[in-house]
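The following features are taken from TrEMBL:
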| type | residues | note |
| --- | --- | --- |
| ACT_SITE | H461 | active site |
| COMPBIAS | 21-34 | compositional bias 'Basic and acidic residues' |
| REGION | 1-43 | region 'Disordered' |
| TRANSMEM | 142-163 | transmembrane segment |
| TRANSMEM | 175-201 | transmembrane segment |
| TRANSMEM | 222-249 | transmembrane segment |
| TRANSMEM | 321-342 | transmembrane segment |
| TRANSMEM | 363-394 | transmembrane segment |
| TRANSMEM | 445-465 | transmembrane segment |
| TRANSMEM | 471-490 | transmembrane segment |
| TRANSMEM | 502-521 | transmembrane segment |
Amino acid sequence: MAGEDCVRKRQSGTTTTCKTPENEETQRRPESERSCQNSSNGRVDVDHVITRKMQLIAEAEQLKPAFMKEVDSHFTEFVNSLVAKSALLDSSSSASLFPASCSEKDLHKAKTLRAPPEHGKIFTARRSLLDELFEVSHIRTIYHMFIALLIVFILSTLLVDFIDEGRLVLGFDLLVYAFGQFPVVFCTWLYMFCATVFIPYNLFVWWAQGYCSSSHRVLRSFFYGVLLTLFQTVGLGFASTCIVISYALPPASSFIVTMEQIRLIMKSYSFVRENVPRVLYAVKDKSSTVPIPRISQYLYFLFAPTLIYRDNYPRSPVIRWGYVATKFAQVLGSLFYAYYIFVRLCIPQFRNSSQETFNLRGLVLCIFNSILPGVLILFLAFFAFLHCWLNAFAEMLRFADRMFYKDWWNSTSYANYYRTWNVVVHDWLYYYAYRDFLWFFRKKFKAAAMLFVFAVSAAVHEYVLCISFGYFYPVLFCLFMCFGMVFNFILNDRRKGPIWNVIMWTSLFLGQGVIICLYSQEWYARRYCPVENPTFLDYLKPRSWSCHMKM
């Protein structure tokens, strides 16, 4: 009917505007849309659209920093609240285990007991951080840059060898030497693994089965504890170390044996440490059954990429064999990457260093020239082992908790760096060294507990390098116990600004330069300056000092 009224008004010559539904909708549209539609020639005003779009983009860019800051603030508050609630739950758990009607004597006994395993580390299904970051194209580009750098190293090596030799030299003599005597390595590992499967498990089973009915429980526990300690120190520690020394295994082969030795010692200790309290609680509660894990659960734990024992872990639904193959290929690529770093950046520099007179200028230049290869080796070790190797085994075992590391590169303090660089080892040190130390001294001497953890970690790191290289040169131990401890208290968790992240990275770079420089000089000094009929002190005294002086 509105259309008929318009026709009548046109016929009567009036100029009144007709308000049809179409016109009303047009009136309600935004001015920008009407201006686009009402252009003179019926075409869209492209310039106006582009201008408006640029304005919206500019407004979005202005809002982005504030939005990201707000999201980060809320996320930080959420995580802090979650951690606080978790700590509160952990602190109140001991009280919830015992009813309020318990006597003061019972409560005192309860305080002296250790918490059961369920109150320790909680495993949950989660992906590794790099797997999530590599889904972002910007982060993936950094990965591509490292691949491009590897290609440059390969081309440089091939071209130099072609110019020097007149042909392509495709041999990998350094890798062949470093991983030599593989049959000895495999047989040693097989011995250590089989011994770890049967001896700690059976010792625990025999202790647990007779503990309830034993009339001398303390003596029984002490006896089996001594047997386990003898196995770990003599059967795993001393025996495998003697094999490495007697067969003069090359560095990489020695490193594999020593790392497997330490890993199996830590795993067997975790198995006993987590299950003994369960037996004690079962006996205390007068339970009819003794909780003894199955051998299959223990065997799964020995292969699982964790050092904390649990009867069960979160499992992923399927095995992605393509993912496994990719991770092992990346490990192999990292080995070749390290090979070219040593060939192009380390060997040419240190091969002639022992033929030069020692002076302070040469030492400073050596340290700063070693920073680049040292940092690259650090990145490769992190990526190849903590990300690729552990994720490959986690995928094959359907182990769903993939938090083997955290964002250590964002650390503004060394305390946070130590917690996030290697979460697998940190968890073991925290629960079995730091917390047990505090439990033993009734939560006193926290500084002494931290010093104890630092000393254990530094001694183990130096032990690995000493056995792998075949000489004692405690550079890493001194860096750990001196600079590491100082930086841990100076660069603590209260340092939050970006400048502290820069300071952390600068000190880390310098530390890597010192390690590569001094250990490489000592390696070549012991090759170029052998000592006839060496005494015990000759093995402890740095050869690089006297070798330089002789030259």
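The backbone N, Cα and C atoms fix where each Cβ goes, and this holds for glycine too.
In sequence order, L476, F477, F480 constitute the residues six or more apart from the residue listed as 'active site' in its chain with CB-CB distances below 8 Å.
In this chain, the transmembrane segment (363-394) touches the transmembrane segment (502-521); three or more CB pairs sit within less than 8 A of each other, excluding pairs fewer than 6 residues apart. Packing against the transmembrane segment (445-465) from elsewhere in the chain are residues 255, 258-259, 262, 425, 429-430, 433-434, 437-438, 473-474, 476-477, 480-481, 484-485, 488, 519: each is 6 or more residues past its ends and has a CB under 8 Å from a CB in it. Ranked by number of Cβ pairs under 8 Å to the transmembrane segment (222-249), the listed stretches 142-163, 175-201, 471-490 are led by 175-201.
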